[in-house]
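Working notes, structure below.
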Amino acid sequence: MARSGRNAPPSGISGADAPSKLHTLIDDFCEHLDLVVGRSAATIRGYRSDLYAMADTIEDIDNFSLPTLRQWLGIAVDEGKSRATLARRTASVKAFSSWAQKNGHLKADEAARLISPKITRDLPKILGEQQAGDFVENAASTNEEEFLRDSAILELLYATGMRVAELCGIDLSDIDYDRKMVRVLGKGNKERVVPFGESAHKALRNWLDVRDEMTEDPKALFVGVRGQRINARQVRRIVDRAAKVTGVDHLSPHSLRHTAATHLLDGGADLRQVQELLGHSSMQTTQIYTHVSNKRLLEAFNKAHPRA
């Protein structure tokens, strides 16, 4: 079933009652991202929002050219848009332009020469090993079933470094308890198998002992209080509660992913192995964790070595 498609509400369209040819092509492109490429609904919404904003300025596919695209981005600069926003919009337009040219809607890939602004990537928030251990052991729910569920969620997030959306999508049948492996459906519907340790294994077993008291759902591994598959917002609340108990500020579920990756590298894991475990399509995405790991190594050296 299509997750976005051409029937999504055209929130970016303003003015005309009927969509322009450019807006229609954008919808076709988003449908391509959904049905062919397999991008997530959230990613497609981002593309659609950026491209509708472009279409509202350029108005027609016949006006789609490098000068008009630069003018549109210039307006965004004048409006004070961040470098990250400009880079994202540039990437969206370049992807659309390439698709439109390949499918005969443009004679040339007009956006190919658009230059994306460089953005500095902040190093992610990382917990120390002791902090991480304390954190995952501090599920804050008072109800026994919810406490065991939350403990299993925290343990699994830290053990595997999986994304929240991936955790929410896990079915009971995806867990191999004998081998301590979990099957995960990642970005672009790419499937991978990720190992987990004894702590997560024990937490999962404890949760399964009480799971059926919260739900009749035959598939979902984790469920909310109403018995339905848990969602990302509920997972964030679970992480927030544990963070408050542990005294950790501004910790997100993604911070556990960053922490897991860094601790793997600290422990001697190969960068390519970490890339595979995290489901990164590009090594460049994984390499940010080497900077974090190297920084931690330097801090430890400066603190502990007598000749530092």
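Backbone N, Cα and C define each Cβ position, glycine as well.
Quick look at what Swiss-Prot annotates:
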| type | residues | note |
| --- | --- | --- |
| DOMAIN | 20-101 | domain 'Core-binding (CB)' |
| DOMAIN | 122-302 | domain 'Tyr recombinase' |
| ACT_SITE | ARG163 | active site |
| ACT_SITE | LYS187 | active site |
| ACT_SITE | HIS254 | active site |
| ACT_SITE | ARG257 | active site |
| ACT_SITE | HIS280 | active site |
| ACT_SITE | TYR289 | active site, O-(3'-phospho-DNA)-tyrosine intermediate |
Exercise. Write down the Cα-Cα distance for HIS280 (active site) and LYS187 (active site), rounded and given in Å.
Key: 9
Quiz item: When a 10 Å sphere is centred on the Cβ of LYS187 (active site), how many other Cβ atoms does it contain?
Solution: 15
Quiz item: Are there residues of the same chain, six or more positions away from ARG257 (active site), whose CB falls under 8 angstroms from its CB, and which are they?
Solution: LEU157, GLY161, MET162, ARG163, LEU278
Quiz item: DSSP says what for the domain 'Core-binding (CB)' (20-101): how many helix, strand, coil residues?
Solution: 70 helix, 0 strand, 12 coil
Exercise. Would you count the other C-beta atoms found within 10 angstroms of the C-beta of HIS280 (active site) for me?
Key: 18
Practice problem: Specify the count of other C-beta atoms within 10 Å of the C-beta of ARG163 (active site). | Solution: 20
Quiz item: Roughly how many angstrom lie between the C-alpha atoms of HIS280 (active site) and HIS254 (active site)?
Solution: 14
Quiz prompt | For HIS254 (active site), the three-state class that DSSP assigns | solution = helix
Exercise. Starting from the Cβ of HIS254 (active site), draw a 10 Å sphere and report how many other Cβ atoms land inside it.
Key: 16
